[in-house]
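Trainee: First, the structure itself, so that you have it in front of you.
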Amino acid sequence: MAPRVCILCCQAVKWAPVVFISAIVGWSYYAYVVQMAILTADTIAEKIIFLVLYHPILFLFVWSYYQTIFAKAKTPPKEFFLSQTEWQQLESETNENNQRDKLNNFAKKLPIQNRTIAGFPRYCEKCKCVKPDRCHHCSVCSICVLKMDHHCPWVNNCVGFHNYKYFVLFLGYALLYCIYVAVSSLKYFISFWSGGSATGVGRFHILFLFFVAVMFGISLISLFGYHIFLTVHNRSTLEAFRAPIFQTGADKDGFSLGSRANFAEVFGDKKSHWFLPIFTSLGDGVSYASRLQPTISYNTMGTTPRAETTNLGDGVTYPTRTVDLDSDGLLGQRQRWMEEGDTESSYENKGIESA
């Protein structure tokens with residue numbers, strides 16, 4: 001009984017940030033629609049304009065947020081997982097050269113370009129699989145996530161190949177929502193702040209609404225701008241902190257194919273779908289074109305060109321210990337940030353980023 005209660009408490013804690021954001025949005029709807037647009041706006045025309053412009057922005061914001069939260073994380077295909085016999089032999093091997101040979105032999109049929117610093121295929125001890133390029137293990141979700149960007153507490157989900165477009169749109173529409181609310185309520189904020197004639201609870205709702213919109217808007221500007229920068233450079237947050245290592249060495253722009261192609265990889269090639277939170281990202285999340293292999297196509301595992309396992313290292317570090325650290329060892333004490341979690345400073349205690 002006690003373990004079950006503990007699990008339920010942990011789940012409640014994880015969902016707390018989502019509940020908080022949802023409560024803020026719900027209250028802002030009441031404050032804007034009821035208190036400002038309906039009860040406070042001076043003219044009928046103003047009321048209509050406020051309501052007509054507000055609801056599409058809110059709809060896109062909530063839709064994007066919902067998609068980011070509930071999109072199921074994509075894990076490596078079955079081809080990347082070792083059989084029980086294979087991983088038992090691998091993990092019982094004490095000679096590092098033999099470990100390398102076993103992994104190389106297994107990985108030679110897989111489309112991977114990145115390795116650990118020591119030249120090993122990147123292996124996850126928790127999932128018992130060779131990690132595809134740009135894939136990392138999340139200790140919060142307890143799975144390897146394709147093209148993992150980070151684990152975001154505000155959506156209680158990993159942000160990766162499965163929902164990165166949704167996440168960027170969520171930030172963009174959240175920023176647009178804050179800007180619209182702040183600009184449209186500015187007139188009444190100034191009036192009430194300077195001691196206007198309005199009285200009652202509604203006045204405080206509008207004053208607080210303006211402050212909240214400005215506060216969240218300021219924090220979202222830098223975060224949204226940063227992820228647009230990452231998108232056009234074809235980097236994840238993890239790759240921005242520690243570049244993946246290719247045959248030619250560490251290269252933060254190793255997967256960059258030019259700003260237009262990079263943008264299309266996340267948002268798709270149909271302009272009509274760019275601003276809708278529907279999945280249009282190119283590829284399968286497993287194999288990626290790079291400077292070394294620019295002709296890799298976005299196909300399924302069955303038709304993706306195979307890369308030989310002669311490439312060198314990969315390493316990922318992250319300040320809050322929420323992703324794996326691929327260092328110069330293979331098994332034992334390495335790949336611990338996201339692989340093992342950190343009992344000393346867990347994700348829940350430190351968080352990962354501002355969103």
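From the backbone N, Cα and C atoms, a Cβ is placed for every residue, glycine too.
Dumping what TrEMBL says about this protein:
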type	residues	note
DOMAIN	121-241	domain 'Palmitoyltransferase DHHC'
REGION	329-355	region 'Disordered'
TRANSMEM	12-32	transmembrane segment
TRANSMEM	44-66	transmembrane segment
TRANSMEM	166-186	transmembrane segment
TRANSMEM	206-229	transmembrane segment
Trainee: Can you tell me which parts of the same chain pack against the transmembrane segment (44-66), counting only residues 6+ beyond its ends and a CB-CB cutoff under 8 A?
Mentor: 21, 25, 29, 32-33, 36-38, 155, 166, 169-170, 172-174, 176-177, 180-181, 184, 275-277
Trainee: What are the DSSP helix, strand and coil residue counts for the domain 'Palmitoyltransferase DHHC' (121-241)?
Mentor: 68 helix, 16 strand, 37 coil
Trainee: Given the model, what does the mean pLDDT over the domain 'Palmitoyltransferase DHHC' (121-241) come out as?
Mentor: 93
